[in-house]
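Reading through the structure tokens given below for one structure.
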């Protein structure tokens, strides 16, 4: 019985110790903050078993109060309070201080070690920096050396005859063999530790053999590689050939090597190039003053295919001599080897060896340059881009004005457009696709092409008083205002239309193949007579009025070799009666050589002058497929050489279109093309200008935008502005048209539209206060064109016989069977006229 009580007492004591220990832990939990509860989720108390509770009743009162204070009340409710008498020996301050002292010793050692390491790293970094700056000098960059030498024979093969063919692909095998030989030579030389690569740049034919242009690169380790070291390796091999070049017979004295950085600096000094930043409103002129040039033979074998044999230096890239050109040939050979365009070789040769015509160079045409840039523009080195800027080159205005794209007829066949040949509409700048046609056989050599028909005629039938062309264009332009007689002859050398309508220039005449200037005698002192002649001349050329009529000496020196050797020398005529309704002339010697110079003011807008008398009939006689000169104010906007939008010409330097064209295209290159009715063709009357600015309409809800050109366009029968509606006048929208393109963008076409109530358009677009709702007049199934954003709604004024711009479309309109007769909304122009005129006027200040 005693043994059993002892075991029970021992068990109860054990449970009591456990309970006391738990109580101490609770006291420790509650000690740090009076506001914090001591019972957490992990410390949630559990109900004590009955045995432990009975044992606690037998303990002292203090212990009982302690346990009851921990978590239980006498009625069994849970509570959590802070202990007043903690009994844990671990919570005394001496123990806590003892723990701090014990743990601080290793931490101090770690901190000291870490600080020492950081100091060492800092000192090492300073040492590396100082050594790099003061001991080792500047880092050594890759060095490139370019050179050349002459090979007279290759094994048993003579380098004459066919071996001198230097087309881009003809010597590819030899280039590969030479490249491998040079690589092995330098790889096994004393420079092998820093040698990187060897390349053959070009093989150029000479009388004594073939000149090999090469390039070798090195990455120096401690010291730079000198030109003498590179030259010594190859000179030793050329003098005493080993296994590397033992199949070649060379001229060692022709070896010449220079470091490429030296060559580049020389080239930049010779060409005096500066990089071009953002486009400006001023055209980039190639030279400030055209120097008198001396023509020399074309000697670059790469360009032996050119149809001429004379050139001049400096060329269009800035090379002052053939030697400078040969040192820089590698950059152009890389373009040819890249095969970026079928025009690459000819265009590069036109730049390196341009045609020399007496005292000036003939540059490539602007459209030809654009075609080259479309394929190879991204591959041009930065230093060459200013020279290849298409803004430097002129538009085509007759033979000798610039060099057009060669073999244009073959280009049409390449594009599967051979059906355009001999169709009466020129698709080449020089009209090569219309020259060898049956309908032009009657014109003979030097014949004129009727501009708007498939007819040709001899030059002596022009201005003979009888219309010989179906369109009557051979009797137009018999009196003209020209900047010079030479330029006027050039502009009229191929077609009956297309001469520039110069606002100021000499008064010139043409009759039966002869031409000349109007002599001021005997009215040089009669201002009234001169003003009458000037007014008649300006009115005939569709200018509103004459501004100046003056007498000036004829200082123009005509070039007898300007491809007009079969014509008579220019003649002078004098006016019979300056006040007669029709001015007549008599031949004159004009001994004092004083001629009339005229300045006209304000070219008439909205007139299709190329149509002649038909222009006053409005829509009558207009075919559905647009002909050249039908819509001379129409412009196609090209984004990176791709047709994206349309526009209308309202000023020589300004277009109007929609701002939606330029959304999301902040860095695209935009070009405006005029005088064309076929996107994939280059007409003789085509002009192109870069777009350099855009001003959006301030009218709320309007998408109209004014677009500024880099330089003004030349006014011709194929490029001239459209009228703006009169402010406050009632719009005349009885006869209106818009323009679209066929589905394959092959042909510009007109669509007859009529105004409709705005509720007609509300179902297909968002109606605006400044909008015009229009629908096609005819709803039969003949719709196959697509109207681009920016297309114009043009209406003919029966009173003034002029076309005015009434609206501009903001979005692209596809014409399909499903959308047949679909209405469209145009942004009205009438509410923007004041803003348009104010913007143009402010830009001219």
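Each residue, glycine too, has its Cβ placed from N, Cα and C.
Automatic prediction, not curation, is the source of TrEMBL annotations.
TrEMBL lists region 'Disordered' for one of the ranges 19-39, 40-60, namely 40-60.
Matching 110-136, 137-163 against TrEMBL, the residues noted as transmembrane segment span 110-136. Across the structure, residue 356 (disulfide bond) and residue 437 (disulfide bond) place their CA atoms 30 angstrom apart. According to DSSP, the secondary structure content of the domain 'FZ' (290-411) in residues is 52 helix, 12 strand, 58 coil. Cα to Cα, residue 349 (disulfide bond) and residue 295 (disulfide bond) are separated by 16 Å. Sequence-distant contacts of residue 463 (disulfide bond), defined by Cβ-Cβ distance under 8 angstroms and a gap of at least six in the same chain, are 474, 475, 477, 478, 510, 511, 512. For residue 422 (disulfide bond) paired with residue 295 (disulfide bond), the C-alpha to C-alpha distance reads 37 Å. Working note on the disulfide-bonded residues 295, 356, 422, 437, 478: by count of other C-beta atoms within 10 Å of each C-beta, 356 ranks first.
For the pair residue 303 (disulfide bond) and residue 295 (disulfide bond), the Cα-Cα distance reads 16 Å.
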